[in-house]
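Chemist: Before I ask anything, let me first share the structure, which is written out below as structure tokens.
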Amino acid sequence: MQSGNLWRALGLCLLLVGAWAQDADEQKPYEVSISGNTVELTCPREFEGEIHWKQNDEQMKGYTGKQLLLENFSEMDNSGYYQCYMTEGNKEAAHTLYLKARVCQNCMEVNLMEVATIIVVDICVTLGLLLLVYYWSKSRKAKASPMTRGAGAGGRPRGQNKGRPPPVPNPDYEPIRKGQRDLYAGLNQRGV
């Protein structure tokens, strides 16, 4: 057998042995249920006697049974280590959980599917409104009176009107006369 295959087989055997060993020690998790500002803990172990509860290593008086119901839960006061245990003689069997929960009176629980549905519906409504405005403005543009091309401000047509002479030019911008030799009458040639 080649060395590479031997190492693979040995690694596979170690993984299988580790998985079997882990199954024997695996503990069931606590069940935690939060509704409004009430928190309910369910002890995962099946004890034969009466189950007692501790919070931060202090006995909780009046709380016995598989379920612990904490009403008016406060994150500041009630967060910490919770332990369900049973005492048999002088031997104690316990199961511990650290709990830190935020609760509120008027909260609503929303799952992922509801959030996705809300987002998709929002996008569809937005696109629908966008198309509605687009087609409304397009139909409005088609109904509007057509504008003649080249019409300027005031509805005056451009170009030469045969019934009226052209406007008198502004004297400030009078063209330079050919016979006049003023300073700015022409361009001077510079010596190169």
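Using the three backbone atoms N, Cα and C, a Cβ is placed for every residue, glycine included.
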Chemist: Which is it, of 60-67, 164-171, that Swiss-Prot names as region 'Proline-rich sequence'?
Modeler: 164-171
Chemist: Determine, on the basis of Swiss-Prot, the cysteine among Cys84, Cys104 paired with Cys43 in a disulphide.
Modeler: Cys84
Chemist: Using a Cβ-Cβ cut-off under 8 angstroms and a sequence gap of six or more, which residues of the chain neighbour Cys43 (disulfide bond)?
Modeler: Tyr30, Ile51, Lys66, Gln67, Leu68, Cys84, His95
Chemist: Measure the Cβ-based neighbour count of Cys84 (disulfide bond), defined as the other Cβ atoms within 10 Å of its Cβ.
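Modeler: Counting Cβ neighbours of Cys84 (disulfide bond) within 10 Å gives 26.
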